[in-house]
Amino acid sequence: MGSRSSHAALIPDVDHIRRETGFSQASLLRLYHRFQALDREEKGFLSRLDLQQIGALAVNPLGDRIIDSFFPNGSQRVDFAGFARVLAHFRPVDEDDATIRDPKQPEPLNSRMNKLRFAFQLYDLDRDGKISRNEMLQVLRLMVGVQVTDEQLESITDRTVQEADEDGDGAVSFMEFTKSLEKMNIEQKMSIRILK
Amino acid sequence: MAHISLQVCSKRLTGMGLEMLMTFSSWNWLLWLMVLAGSEASSYVNESSNSTAQQAPGAQFAASSSDPDERISVFELDYDYVQIPYEVTLWILLASLAKIGFHLYHKLPHLMPESCLLLIVGALVGSIIFGTHHKSPPVMDSSIYFLYLLPPIVLESGYFMPTRPFFENIGSILWWAGLGALINAFGIGLSLYFICQIKAFGLGDINLLQNLLFGSLISAVDPVAVLAVFEEARVNEQLYMMIFGEALLNDGISVVLYNILIAFTKMHKFEDIEPVDILAGCARFVIVGCGGVFFGIIFGFISAFITRFTQNISAIEPLIVFMFSYLSYLAAETLYLSGILAITACAVTMKKYVEENVSQTSYTTIKYFMKMLSSVSETLIFIFMGVSTIGKNHEWNWAFICFTLVFCQIWRAISVFTLFYVSNQFRTFPFSIKDQFIIFYSGVRGAGSFSLAFLLPLSLFPRKKLFVTATLVVTYFTVFFQGITIGPLVRYLDVRKTNKKESINEELHVRLMDHLKAGIEDVCGQWSHYQVRDKFKKFDHRYLRKILIRRNLPKSSIVSLYKKLEMKQAIEMVETGILTSAAFPAPYQPERIQGTKRLSPEDVESMRDILTRNMYQVRQRTLSYNKYSLKPQTSEKQAKEILIRRQNTLRESMRKGQSLPWGKPTGTKNFRYLSFPYSNPQSARREARAAELTDDDGIDPGFQPLMFSAHSRAGSLQERRQTQAMIPMKSLHRGEKALSFSYRSDTSWGEHAGWGRRDAIRPKPLFYAVDEEYESGEQTEEEITATRSRWRTEHRRSREHYKSHSPLLHIK
């Protein structure tokens, strides 16, 4: 793969990224190596194709959506900052963070709210802030085997939206989404140990 | 005559018994059947042995000569002739029937490890033999064990070892397995020696060496046996690897220690042992270990090299694999090196190259045969264990046995916690206390320690019976007590907190998050020590693979055969409706403003049920290894469905022109789904292999993007009726290859990875077919250069292939 120096100084904007994402120097370095490994042609950014090379994603039911989440706002390339930004959502929550955080600063990317927001956008493709019934149906379709008929799926979707929907608009807003998951240990579910 | 009728009777009984088994399919019936069959057989045997004992060996002739009529007897009997194979076969069959019964009742394999079952069967056979006073044939002695029974067991565990995590953790594994075995052996030995010094227990005649020897043999653990029990608990990959590594190396180290200590014991005068000897012993330990590994590697390479040339006689491929492994064992044993480590190293080395060279059927044969052999060996050892349990040759000494049990646990705990405490300082991801506790608790003894105890020479160990008894007690205790309780313990430690029913919302979202997490973990890949691995891979590519892997192109008949198989699968899938447009959401459905339907609780329940049963499983990152069976490919179906659906959605979205960077669809092309090999298929094949094995940490090399781009081109072609059926086949290609690359996926490694790689060889020409297409298509300049540069990076490692490649690129 060529001789790639492992010096942190090679990462562009490393301080800015570190502040924004909260990763340690070592983790950032490892992420950078991974970024470079994925970027086979050394373009300096990743395209969708690069991420699709990861075979395990191809057999993940949500593979496409996960890849799409790396490309916000319809862009076709993601640089290292964007890459790290997405992955920062999955940093394990450090208990110290909560106490010493400066309330004036924006919430860290791996807070519970931001994790939930990240998951929410997997559902909400049109970014209108609400999971419509149709979007829920699509997600369900992705996650369920082919034996489930469409009628069953529709009724499950109805039930799902109904359970969460409080204001009766037939869609699940972000607040409703958060509320339906208040008992879940999101911090643990959406944290990857190695990203400390 | 009576004997014959008895034999017929027992046969009919077995037949009837089997029928009953089918009807009732209950474990109890099986047990009774076994007992019946066993007792029939043994009583039959008993009677016959009693009767034949009175006759001379050449029974027939004697009978006829003593018979005054001098008739040729129509029915004769000579049981002695077949006694040993007959009984051995019967034992193995009994154990197999027991295993069938064991697995019929679904919950059992999760409750207790299969070793429990084997012990029970062994005890049963033993009690039958004891009860009928049948003199069991002395089938197990030192040479038979070490030459025939042990190698298959070790070969199997070496072969199915996942190499990548093993080598990544090799430091920790060596540290833990090596030092752990030593600490255990010497710790237990020394503690028992001090116990023996206490006059009250009557153990004064056991000297230090004997105690040390006992310590070394009792510390041989078999933790893999319990893996099946807590398989479904989320045990992380590192933990699995430690348990595996320990199982793998533990036997070898114990045997080496055992042999060295036996050599010491043979030095007749205990007082003559000087520090020089002890140093020599240590040196010998190291040399034996390393020498064994060295031999194994050499033999591994030789066998890989030979399999390169066997494409015309693929029937002997399994033979070569087994013979060379066995030869490495024997050669190492000749020089008093560690045969176990040799055969392990041979299996590990050989596996990578042999898997590529041999044909698909040979590969399956090798795997199954290996499992079968090791299973037979282990069964026999457990039966011997059972036979010697129920017998008269025991010596019971409360102190010795109880203290042995206690010390085994104590020393294992000490070794686990101290060694891991130290190694945690150097690890990037330390093991938690929970992990360490699981490792401690999985120290279940197996066949190894019993065999070593059984084979102690009586001349050097007058108290051998005591040792055997103690070993048996420890084995039974650990297997039953620890084996049965480890499941609940692990599940408890896992802290699964959801006892209450989750709402459908929660279930869905939780599953989504699990998938998301798995996906992001894949994006992150594995943190590992890149440099060493990269260097090895470079070396591997440049030199080893050129020598050891075949160069030939696949025959076109194979390719067309594969296509035929796929066609059948594709047809099947169409018929079962997977490929219809119902597979992905129909966006034409208008948004329904749903009324608030009150659903009854049963409806909700049934919905929840449907969801739970049908949602796709999250890809398991941990390896699932079952010592006693090869896992069925249930997850493939899931992966195939996902891939086909993705393909459909991709096609759909392309039709709508959404944001996927495939570029403008080409004009109508003759999509030649060709099967004849191209001008440089062999370079392509080597190419593919180079690509495929470039790196398996989740980044799929150029082969994958090539396939994807090929797919994309095909997808971007206008829909043609004839291509409709083609595309799913390609998705199947991709599916299999994707599975082969994601070695960590929830497949059984050996089988699936190999199978995936098998398929990787076939679609070569397919890719080239599309390549031609694409080349002659009107693609954007950017894409052409993009794809070409992608290929170029692929060729960076195989320059000459690039050169041979470019003519193809420039053909059109």
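Just so you know, the numbers here start at 1 and follow the chain as drawn.
Note that Cβ sites are derived from N, Cα and C of the backbone, with glycine treated the same way.
Where the annotation comes from TrEMBL, it is an automatic prediction and has not been curated.
Residues or ranges marked as transmembrane segment in TrEMBL: B:20-38, B:111-132, B:144-161, B:173-196, B:208-230, B:242-264, B:285-306, B:326-348, B:396-422, B:438-460, B:466-490. The domain 'Cation/H+ exchanger transmembrane' annotation in TrEMBL covers B:92-491. Among the features that TrEMBL reports, domain 'Sodium/hydrogen exchanger regulatory region' is placed at B:582-689. Among the features that TrEMBL reports, region 'Disordered' is placed at B:778-812. Annotated compositional bias 'Basic residues' per TrEMBL: B:789-804, in sequence order.
Within its own chain, the transmembrane segment (B:208-230) has Cβ neighbours under 8 Å at 109-115, 157, 181, 184-190, 192-193, 196, 240, 243-244, 246-247, 250-251, 254-255, 257-258, 261-262, 264-265, 270, 404, 408, 411-412, 438-439, 442-449, 452-453, 456, 461, 463, 467, 470-471, 474, 479, 482-483, 486-487, 490-491, 625-628, counting only residues six or more beyond its boundaries. If you look at the transmembrane segment (B:466-490) against the transmembrane segment (B:242-264), you find fewer than three C-beta pairs under 8 angstroms, all six or more positions apart, and that falls short of contact. Counting residues 6+ beyond its ends, the transmembrane segment (B:285-306) has Cβ neighbours under 8 Å at 252-253, 256-257, 259-260, 320-321, 324-325, 327-328, 331-332, 335-350, 352-354, 357, 544, 547-548 in the same chain.
Highest Cβ contact count with the transmembrane segment (B:173-196) among the listed stretches B:111-132, B:242-264, B:326-348, B:396-422, B:438-460 falls to B:396-422 (criterion: pairs under 8 Å). Below 8 angstroms of C-beta separation, residues 146-147, 150-151, 154-155, 157-159, 161, 163, 166, 248-249, 251-252, 255-256, 259, 287-289, 291-300, 303 of the same chain, each at least six residues beyond the ends of the transmembrane segment (B:326-348), sit close to that stretch. If one looks beyond the transmembrane segment (B:144-161) by at least 6 residues along the same chain, the residues whose Cβ comes under 8 Å of a Cβ in the stretch are 224, 244, 247-248, 251-252, 322, 325-326, 329-330, 333, 339-340, 343-348, 351, 367, 370-371, 373-374, 376-378, 380-381, 447, 451, 454-455, 625, 627, 749-750.
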